[in-house]
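Positions annotated as domain 'Acyl-CoA dehydrogenase/oxidase N-terminal' by TrEMBL: 7-118. If you look up TrEMBL, you'll see 122-218 marked as domain 'Acyl-CoA oxidase/dehydrogenase middle'. Annotation source TrEMBL lists domain 'Acyl-CoA dehydrogenase/oxidase C-terminal' at 233-383.
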Amino acid sequence: MDFEIPENLRLMVDTVHRFVKKDLEPISQQVDDEDRIPEEIVQTMRELGLFGLATSEKYGGLEVGCLGECLVYEELSQVNACFRTRIGTNNGIGSQGIAIDGTEEQREKYLPKMASGEWIGCFALTEPEAGSDASNVQTTAVLEGDTWVLNGRKHFITNGDIADCSTVFALTDRAKKARGGITAFVVEKTDPGFFVGTIERKMGMRGSHTCELIFDNCRIPKDRVIGGDAMIGQGFKTAMKTLDKGRLTMGASALGSAQKLLDLSVDYAQQRVQFGKPIAEFQAIQFMLAEMATQIYAARQMLYHAAWLRDTRGTSVIKEASMVKLFCTQMANRVADMAVQIHGGMGYMKDFPVERFYRDLRLTRIYEGTDEIQKVVIARNLLKGGK
Ligand SMILES: Cc1cc2nc3c(=O)[nH]c(=O)nc-3n(C[C@H](O)[C@H](O)[C@H](O)COP(=O)(O)OP(=O)(O)OC[C@H]3O[C@@H](n4cnc5c(N)ncnc54)[C@H](O)[C@@H]3O)c2cc1C
């Protein structure tokens, strides 16, 4: 077994680490306060190629593989996970439908623009009646001549307000639903009948917006079905394939934040004096630090292993990706809870980043499939004969 991170990935991570320290760390709290990422930071992200980490070189991306993507997200999430979210939809759920199942024309049209960061992509599956049960989408698409007409409403869509193109899942055959009745489309922001609705007010992950998308007789050309006519009705499969990689990268983001919380806690425990000595000398505090470090170590091993399996063996990692998301995000939430505890009242104050990490991490157990849905996926794979 070789646990060395490949040289090319280490160089890239070093570059991202310098960007994080120099440009992101100083503004991480400001981004939370103002609920926006400054445009000059987004421009630097473009210049570093971060919007195209996952995209094939053929379409202008860096093609760093799943492990490379995870390593970058770990770095970004050490300061504020919203930086990951900004580039995340272009590398993940906003582009993967097209990358995996799109036609060559669709790939050539959309992937270079998303890889460069010129365009932002998003993924619009969730609706008020279709959350964990994503197969229950009610948005419809009807073919009228050479035009598809979409009607319905999506909610909780990350980057929906800034997206130039959205991967949208709609019912094309109500009777068949997920088994041949849902189709994936690309909708562009200038398409008639497409509107951005309410921007939701959230507990955390400020700096990343989540919103409603409305399709009111939204008319798009016939060739916007992802994968072309042969893929009409196959959109639910496209959605599931897209989410599989996202679950690994979500684990990486949670891991990065957990690592930062441990580092902050180790420092604070050595500085904060109570009863005449640093609180780090109390065994109760030491045990929390030991628990945090152990859980982070375990999470990192399983994440890197699953990413490596996906990159080098071409193995289907559906079950492993769900395990990684479940374990890493639960672990990071436990770590955040202990970090607040170690920081005492200071951990509850907005002057300290621990409070922000605590809020932001809560989301990771909900989106791209809740804990419970990850368990459903893992159990389903086990029961059909997986190890
Ligand atoms: C900030 C944010 C950003 C998001 N970004 C996107 C995005 O970009 N694109 C997108 O399409 N969606 C997005 N989502 C939606 C997200 O994926 C859903 O919120 C998530 O899948 C859960 O759906 P729900 O909120 O409707 O909860 P529900 O499905 O209503 O779940 C409520 C509870 O019931 C449990 N539950 C449901 N079914 C079962 C079951 N079968 N067994 C056991 N327990 C079950 C759930 O685990 C949960 O605990 C985002 C959500 C948030 C909060």
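Glycine residues also receive a Cβ, built from the backbone N, Cα and C atoms like all the rest.
Heads up, TrEMBL stuff is auto-annotated, nobody curated it.
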Could you give me three numbers for the domain 'Acyl-CoA oxidase/dehydrogenase middle' (122-218), the DSSP helix, strand and coil residue counts? 3 helix, 51 strand, 43 coil
Could you count the residues of the domain 'Acyl-CoA dehydrogenase/oxidase N-terminal' (7-118) that DSSP puts in helix, in strand and in coil? 85 helix, 0 strand, 27 coil
Could you please provide the mean pLDDT value for the domain 'Acyl-CoA dehydrogenase/oxidase C-terminal' (233-383)? 96
